[in-house]
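**Student:** Residues annotated as transmembrane segment in TrEMBL: 24-45, 57-76, 96-118, 138-156, 203-223, 235-257, 269-287. Among the features that TrEMBL reports, domain 'G-protein coupled receptors family 1 profile' is placed at 39-285.
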Amino acid sequence: MENASTVKEFILLGFSENQGAQKIFFVTFLFFYMIILAGNLLIVITVISSQRLNSPMYFFLCYLSFVDICYSSVTAPKMIADFLVENKTISFAGCIAQLFGVHFFGCTEIFILTVMAYDRYVAICRPLHYTTLMTRRACGRMVIGSWVGAFLHSIVQTLLTTQLPFCGPKKIDHYFCDVHPLLQLACTNTYTVGIVVVANSGMITLSCFIILVASYVVILVSLKSQTSEGRYKALSTCGSHIIVVILFFGPCTFIYIRPSSNLSEDKSVAVFYTVITPMLNPLIYTLRNREVKSAMRKLWSRKV
């Protein structure tokens, strides 16, 4: 490729050039990443090994935790390692692979969160049809559709970026390779590409967000006719999902639904959906869910 022959590698500026601050960041983000791996892996193992957690809600939760592990692993290990070195370089191929991975797993998470909202809608608003609508085959197709849709989105973002000429400078004001920072380094006018990139990401984010909001509006309206006990149970199962949606969709919408103007601000916001949300997801779903906590205790006692 033409741009690969002129630029062999990029330099990631990260968060700070201060050595003291980088050591603090190293310890902090290493701790966060270990929690991400341990927490999400625990949920995956618990759902797979527990016979009680066989409903579609836990089926999707298992995949969400798996995606969180993959999603954070695309950026976190490289970021953590860079805190210990002075020359924070990444090859052109590695940069493009990271860009693809971020959008692939990030978009998959958006689709799975949307599917989980649909699952709650059917469970609460159409309980008599739940077993016929949310069969194992239907759930599997939804997950496969999430993977395929995310792959197509990532391919578009990646191809648009790789076709741009890069001839210097090579410094990326971010801690991972993303579309907006690379567009600012291209040696050509990127206005049209930028519009397509924002339209692609914005269409997915907005459409999924509208589906999520519509699902919960219908759920809240339907809860008026239920008893206080049924209302509490429904809200408790939806509460965790709503919190995760806000934590993930808020920063994603801020970054990808508009042309980037301040990369320093963008990389601070990006920490929320690449590190903080994957770390908090296991805590949110386990602390607010008695069945998951019970299954984890049984799994722990069986292992001991």
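Every residue, even glycine, has its Cβ placed from backbone N, Cα and C.
Just so you know, TrEMBL annotations never went through curation; they're auto-generated.
Describe the structural context of each listed feature in the structure shown, including burial, neighbouring residues and relevant distances.
**Tutor:** Residues 56, 59-60, 63, 100-101, 103-108, 110-112, 115, 118-119, 196, 200-201, 204 of the same chain, all 6+ positions outside the transmembrane segment (138-156), place their C-beta atoms under 8 angstroms from a C-beta of that stretch.
Taking Cβ pairs closer than 8 Å, the transmembrane segment (269-287) reaches residues 29, 32-33, 35-36, 39-40, 42-43, 61, 64-65, 68-69, 71-72, 75-76, 102, 106, 174-176, 178, 240, 243-244, 247-248, 250-252, 254-255, 293, 296 in its own chain, all 6 or more past its ends.
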**Student:** Find the average pLDDT over the domain 'G-protein coupled receptors family 1 profile' (39-285) in the predicted model and report it.
**Tutor:** 87
**Student:** Would you kindly check 24-45, 96-118, 203-223, 235-257 and say which stretch has the most C-beta pairs under 8 angstroms to the transmembrane segment (57-76)?
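**Tutor:** Per the Cβ count, the answer is 96-118.
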